[in-house]
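For reference, the structure discussed in these notes is given below.
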Amino acid sequence: MSDNFANHYQPQQSKQQSNQQSKQQQSNQQQSNQYEYKSLSLTKVSRYCNQYGNWESNANYSICGLDNDKLFLLTTDQLQKIYEIRERMIHSKFTQNIESEKAFIDCIDNVLSLPSNSDLAKPYCERTFDGWTCFNDTPAGEVSYFPCPDFVYGFNSQNQAHKTCTKEGKWRVHHETHVPWTNYTSCVDIPDLNFRNMIIKLHIVGYSISLVALLISITIFVSFKTLSSQTRIRIHKNLFLSFIINNFMWIIWYLVIRDGNILFENGFFCQALHVVLHYFLVCNYFWMFCEGLYLHTILVNAFVTEEKILKWFYMIGWCIPIIFVSAYATFRANSTDAKNCWIDESLYTWILNIPVIISFVLNIFFLINIVRVLVTKLQAVNTADAHHTRYFCNSVRATLILIPLLGLNYILTPFRPETNDSAARIYEIFSAIVLSLQGFCVSMLFCYFNGEVLTVLKKRWNQFLIVRGYTHNHRITSHHGTEISINLSDYEMTNDNYSHHHHHDRKNGNHKNNSKNNNNNNNELMRLKN
């Protein structure tokens, strides 16, 4: 009987254990479902559609950074409150950045997820997050002061902002938007803002000066066939063209970034402007590399075909930068820091910096070797060849000056002051002046100080003065009051009818004097025609 009882009891016991395990599993499943519901109800990825009907470049994944264990501990009311705050953040273009997302997660961990303060008398303003700063429960009629966020560009983190809780226990709303409003006006660093505006004006003025000088220079190169047909001048024209477009793009860029709304919206236009600007910036350095490569090639290899080498230069100067800029734009567009028109520093900038630095180093190598060869030639060549070699030295000298000038920003970057002191301000002013006037220096060294260009301009100026002076000097009045005008065609008539005048002067015994005058006229005519 005991055996039967034992046999009968064991199944009953195992059945009870099985029921308990089943209930436990159901309870765990319910908790898991509740856990999953809480997680899914809050962790929704969002994307902001701006007022122009365009999607922002990045979706909002801020809530995905929360710890699931903490989500499970939150009550339904807390979850709903956090969800409402997050919805307000999504529709604010000023909170679409990584720093705001991190601040929101910290606010959930340290304030929003904590139990309500039962000691606080009602009415009071409930804890909230405005997109930049976290606020705890605040008694009615009080003002909450807090440090300004340090991740907002143009804010001084040592200043304080404030948020007002009204007597009704509601956060004060803005009189125009009628949404809860935080007063950050005191956070704006006015001295720094004025300094930044001054730097922008320096850039605009400098690039405008360079643009005018470059346009005049390229007009000179195009106007004279004796200049435009030379290979070296054709390389100059491409270098100048890259500078002209780049300087124009910089002027537009500095006018655009002054508008904070455009930066925050981070639209396609400003991103495309950033990419195009950097394309022509890289083209500047690559065409400067072509300048050094050309000088080195014609000095080392005298039998090179200039037409063939020009095709390679077009490839280097205009096509190769497309590869690097396209790679940069692709990586930057898909990165987490694709905001504010990409004005912030990024590691992807090295995709552009590395080839530029390589071209800069190669140019230095070319010039060192060129100087070495020239010194040897100047010591060995005869007087006739020395003139040509010295003329070649002038081009080398101009390139030798420009290469360090164009690479100055890469030379000075490691020495950039990190603090916002007077040294940093001096650096910014110096950098703005030097970088914006690079195009002006290029035009001065390659055009206005170019011996060939000066010779051609001087010749044209002398011709202009001769024509003006000759016409003016030969507008004379006869003793009988009759004005006689003699122009260039009169010279040609005099030359064509020389034999007739010669015969007439022999009759009058004035052959010698008039022959001398005709010779002078012929010489003057030849000067004019030349």
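Note: Cβ is positioned from N, Cα and C throughout, glycine not excepted.
The annotation region 'Disordered' is assigned in TrEMBL to 1-33 (among others).
Residues or ranges marked as compositional bias 'Polar residues' by TrEMBL: 1-11.
Among the features that TrEMBL reports, compositional bias 'Low complexity' is placed at 12-33.
The domain 'G-protein coupled receptors family 2 profile 1' feature in TrEMBL is assigned to 106-191.
Across the residues of the domain 'G-protein coupled receptors family 2 profile 2' (199-450), the predicted structure has a mean pLDDT of 84. Taken from TrEMBL, the feature domain 'G-protein coupled receptors family 2 profile 2' covers 199-450.
The feature transmembrane segment is assigned by TrEMBL to 204-227 (among others).
According to TrEMBL, the transmembrane segment annotation covers 239-257 (among others). Sequence-distant contacts of the transmembrane segment (239-257), counting only residues of its own chain at least 6 positions beyond either end whose CB sits under 8 Å from a CB of the stretch, comprise 200, 203-204, 207-208, 210-211, 214-215, 217-218, 221, 263, 270, 273-274, 276-277, 280-281, 283-284, 287-288, 290-291, 317, 341, 343, 436, 438-439, 442-443, 446-447.
Long-range neighbours of the transmembrane segment (277-300) within the same chain, counting only residues 6 or more positions beyond its ends whose Cβ lies under 8 Å from a Cβ of the stretch, are 231-232, 235-236, 238-239, 242-243, 245-246, 249-250, 253, 306, 309, 313, 316-318, 320-322, 324-325, 328, 352, 355-356, 359-360, 362-363, 366-367, 369-370, 373-374, 392, 395-396, 399, 402-403, 406-407, 438. The transmembrane segment feature in TrEMBL is assigned to 277-300 (among others).
Tertiary neighbourhood of the transmembrane segment (312-331): same-chain residues 235, 238-239, 242, 275, 278-279, 282-283, 286-287, 289-290, 293-294, 348-349, 351-352, 355, selected by CB-CB distance under 8 Å and a gap of 6+ residues from either end. Annotated transmembrane segment per TrEMBL: 312-331 (among others), in sequence order.
According to TrEMBL, the transmembrane segment annotation covers 351-371 (among others).
Sequence annotations record features per position, and here TrEMBL assigns transmembrane segment to 391-412 (among others).
Marked as transmembrane segment by TrEMBL: 424-449 (among others).
Residues or ranges marked as region 'Disordered' by TrEMBL: 497-530 (among others).
Taken from TrEMBL, the feature compositional bias 'Basic residues' covers 500-514.
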What are the DSSP helix/strand/coil residue counts across the domain 'G-protein coupled receptors family 2 profile 1' (106-191)? 12 helix, 25 strand, 49 coil
